[in-house]
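*Asks:* Sharing a structure here in structure tokens format.
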Amino acid sequence: MPDRDSYANGTGSSGGGPGGGGSEEASGAGVGSGGASSDAICRDFLRNVCKRGKRCRYRHPDMSEVSNLGVSKNEFIFCHDFQNKECSRPNCRFIHGSKEDEDGYKKTGELPPRLRQKVAAGLGLSPADLPNGKEEVPICRDFLKGDCQRGAKCKFRHLQRDFEFDARGGGGTGGGSTGSVLPGRRHDLYDIYDLPDRGFEDHEPGPKRRRGGCCPPDGPHFESYEYSLAPPRGVECRLLEEENAMLRKRVEELKKQVSNLLATNEVLLEQNAQFRNQAKVITLSSTAPATEQTLAPTVGTVATFNHGIAQTHTTLSSQALQPRPVSQQELVAPAGAPAAPPTNAAPPAAPPPPPPHLTPEITPLSAALAQTIAQGMAPPPVSMAPVAVSVAPVAPVAVSMAQPLAGITMSHTTTPMVTYPIASQSMRITAMPH
């Protein structure tokens with residue numbers, strides 16, 4: 001511990017100070033970094049309470065060395081947690097200063113003025129009561145708390161608190177005090193370093209003072225008193241700062257949750273848009289087969305009519321090639337009588353072979369009929385011009401056939417029904433005598 005007050009070294013419990021009633025482990029915990037060393041001095045021996053004797057692992061100095069104890073003990077320790085991030089100890093025993101303040105203290109051995117005032121306020125002393133260097137004897141904190149039982153044997157300085165003299169109306173110093181009293185202090189500032197030891201029962205309100213000059217001389221007199229309010233407590237400020245820090249952390253967590261929820265919402269919106277597009281594609285694909293089924297009967301009807309036309313041409317060709325006398329009345333069909341196409345017409349069969357004596361004359365006719373049938377079976381739209389077939393009489397047989405066929409135009413894209421006229425057929429056959 002830098003001084004006997006356990007104020008500066010900040011290690012160990014409340015019993016590590018002079019007269020704190022520390023245990024065997026607490027007596028040496030403040031020296032160094034927590035381990036025993038050859039230069040560690042037993043604090044219990046300095047207070048005349050060490051009962052370990054030769055078994056003590058700390059050094060028991062001679063009385064001549066007591067005057068130089070301040071060289072190694074009268075030091076202030078800075079709080080490194082406060083310098084790094086934040087100190088969470090409400091009753092921190094170390095000095096809350098910056099790294100530059102600590103470096104300046106190690107070089108010069110003196111605290112900056114603002115830190116001296118802060119440390120003195122924590123101890124209930126004036127800044128002048130603090131030791132100015134490492135050569136001075138440390139202050140006895142047990143005496144400041146009223147617990148020092150050593151009396152005149154105590155090797156540390158006994159300083160009186162300022163509020164004791166202020167309550168008595170005296171402004172001087174006493175009891176070994178080497179400084180002046182700060183004006184305007186009515187009561188002791190709350191010692192944040194002694195919170196577990198003192199509690200809240202030791203505080204006494206300041207004296208009341210009658211306020212004069214507020215009432216007229218002839219009127220009723222009312223006595224009013226002015227109460228002095230205590231300055232803000234260090235502990236309360238620390239609690240408020242901790243609460244603010246917790247609230248800030250909570251706000252940061254809520255902000256993170258909001259950002260996560262926004263990202264999840266964007267992903268869900270994208271998935272919803274994808275599902276809507278998939279539904280549209282499924283609807284279009286289900287409509288396409290229905291259109292194909294609607295167009296199928298039309299194609300079948302056209303094919304049926306093509307077969308009917310082919311059958312008509314085949315019938316005409318077979319009738320024209322029969323060598324029998326036929327009158328013109330039998331060959332003329334009623335005008336405007338439509339020929340009903342067969343529903344399930346079989347593909348046209350090949351025409352029967354002509355007689356041997358008509359083969360040279362019938363060959364051009366068969367080729368023309370085959371070409372006409374091929375044109376009738378072509379895919380729609382189909383347009384057929386009137387076909388006129390004439391057979392010149394080479395032999396004694398003369399065959400003349402004219403078959404005017406009206407133009408037929410079929411389109412399955414406009415209407416499923418196909419209407420076509422069939423004109424009258426005329427055929428003149430002259431039979432030659434043998």
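Glycine is treated like the rest: Cβ placed from N, Cα and C.
Here the structure is a predicted model, which means the values were calculated and not measured.
Feature table excerpt (Swiss-Prot):
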- 234-280: coiled coil (COILED)
- 12-35: compositional bias 'Gly residues' (COMPBIAS)
- 196-207: compositional bias 'Basic and acidic residues' (COMPBIAS)
- 314-330: compositional bias 'Polar residues' (COMPBIAS)
- 339-358: compositional bias 'Pro residues' (COMPBIAS)
- R185: omega-N-methylarginine (MOD_RES)
- R186: omega-N-methylarginine (MOD_RES)
- 1-37: region 'Disordered' (REGION)
- 196-217: region 'Disordered' (REGION)
- 314-362: region 'Disordered' (REGION)
- 36-63: zinc finger (ZN_FING)
- 73-99: zinc finger (ZN_FING)
- 134-161: zinc finger (ZN_FING)
*Asks:* With DSSP as the reference, give the number of residues of the zinc finger (36-63) in helix, strand and coil.
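*Replies:* Reading the DSSP string over the zinc finger (36-63) gives 8 helix, 2 strand, 18 coil.
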*Asks:* Averaging the per-residue pLDDT over the zinc finger (36-63), what integer do you get?
*Replies:* 77
*Asks:* Count up the helix, strand and coil residues in the zinc finger (73-99) according to DSSP, in that order.
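*Replies:* The zinc finger (73-99) comes out at 7 helix, 2 strand, 18 coil.
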